[in-house]
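As recorded in TrEMBL, the features of this protein are as follows:
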type	residues	note
COMPBIAS	211-221	compositional bias 'Polar residues'
DOMAIN	15-82	domain 'Histone-binding protein RBBP4-like N-terminal'
REGION	208-230	region 'Disordered'
REPEAT	174-199	repeat 'WD'
REPEAT	236-278	repeat 'WD'
REPEAT	281-314	repeat 'WD'
REPEAT	330-365	repeat 'WD'
Amino acid sequence: MKDRGGKGTERSVDERYSQWKSLVPVLYDWLANHNLVWPSLSCRWGPQLEQATYKNRQRLYLSEQTDGSVPNTLVIANCEVVKPRVAAAEHISQFNEEARSPFVKKNKTIIHPGEVNRIRELPQNSKIVATHTDSPDVLIWDVEAQPNRHPVLGATESRPDLVLTGHKDNAEFALAMSPTEPFVLSGGKDKSVILWSIQDYISTLGVEQGSAKSPGSSGANTKHAESPSIGPRGIYQGHGNTVEDVQFCPSSAQEFCSVGDDSCLILWDARTGSAPAVKVEKAHTADIHCVDWNPHDVNLILTGSADNTIHMFDRRNLTSGGVGSPTHTFEGHNAAVLCVQWSPDKSSVFGSSAEDGLLNVWDYEKIGKRQDSVGSRTSNYPPGLFFRHAGHRDKVVDFHWNASDPWTIVSVSDDGESTGGGGTLQIWRMIDLIYRPEEEVLAELDKFKSHILTCEKKSE
């Protein structure tokens with residue numbers, strides 16, 4: 001947990017934020033800022049609902065982590081995503097930090113049994129969502145079929161469509177769904193990684209929900225009363241401490257990886273048994289919080305750690321002398337890294353977010369390339385870093401690239417008392433001049449230059 005005690009720290013965060021806000025019209029194509037009354041520990045894009053001339057409408061999954069005065073909830077929101085080069089620069093920077101965004105509207109509320117620590121959507125059918133809470137179970141929700149609930153104190157919890165059992169202790173964070181098959185992966189305090197197939201239930205989820213009793217009609221207090229449950233397809237043991245994150249190989253539901261508080265990265269192959277396929281000891285020098293597998297290049301895996309760094313591993317060459325041998329270490333955070341994710345738009349680009357309140361965007365192809373043409377100031381930046389989103393003022397607990405709208409990111413921070421508590425949700429897209437090929441950008445700017453010169457001549 002980041003120290004928020006010192007006045008100096010608060011001032012520097014405020015200074016950084018003020019500087020960032022003044023640069024919003026220059027750095028961003030679009031930005032929406034949405035104040036959350038209660039923090040959300042996860043944010044995920046759901047299905048795109050419609051495309052219009054200037055904006056697209058898309059589902060967004062959030063949660064409300066409350067103090068118990070009202071129930072914890074899973075929130076299904078509708079988000080208006082403004083298309084590139086539509087928003088006026090002066091408009092996107094004129095937002096009030098305390099206000100809700102007109103671009104984000106709550107569509108449905110599910111009363112969640114316990115707080116929502118993580119949300120993951122099924123890539124093939126993103127209306128199917130898995131959640132982790134402070135329990136050993138994974139909960140599966142068909143969010144379209146679930147009834148909308150009014151979250152008041154004492155309200156009956158919503159009933160999950162499916163409960164995945166098998167953990168022997170709480171499984172709070174590590175959660176993934178396969179892009180190739182309806183498989184779910186989870187890790188927990190029992191040091192286990194567990195795999196389930198929800199294939200048989202996908203087709204019946206809607207039907208079962210349709211016959212469910214209306215919310216509140218049952219007086220049952222039993223957790224997940226009446227919800228069907230299924231046991232594991234496989235249990236995988238090899239970690240020496242809590243498993244913090246898991247991820248499927250993008251090309252195979254039988255291959256996956258996990259990281260944990262034992263500083264290990266483990267690769268698994270369900271076809272060869274339940275023992276680790278490869279175990280990378282000392283993949284970092286501290287707890288590992290997050291992992292992601294490159295969807296464009298299945299040899300590349302990212303890990304983010306409490307040692308403040310991100311490591312990129314090549315699975316063909318994972319270790320050297322018995323310990324982890326990353327192909328590159330990315331150093332651009334000064335606190336624990338909480339989330340890493342490869343971009344769906346460019347194979348060498350990824351984002352990382354941390355307890356320092358920053359969301360960094362990196363391109364490993366930029367490492368080692370001379371950047372003289374851009375000017376010498378870039379030498380102050382860590383190799384590979386090309387964009388720093390400083391719109392959050394406290395730890396950025398989750399973010400998600402949008403697969404439907406290129407270069408668009410949703411990010412969420414859990415805000416401390418220094419910034420008024422609650423949370424901040426931001427949906428943003430950096431200006432395309434930052435990531436497009438340099439020669440293309442220069443050519444476009446050259447056109448502007450000649451246009452401006454023409455206008456000047458006409459006005460003389």
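Every residue gets a Cβ built from N, Cα and C, even glycine.
For the repeat 'WD' (236-278), same-chain residues at least 6 beyond its ends with a Cβ under 8 Å from one of its own Cβ atoms are 173-181, 183, 185-189, 191-195, 284-295, 298, 301, 303, 305, 313, 315, 318-319, 324. Model confidence over the repeat 'WD' (330-365) is summarised by a mean pLDDT of 97. Across the repeat 'WD' (174-199), DSSP helix (H, G, I), strand (E, B) and coil residues number 1 helix, 14 strand, 11 coil.
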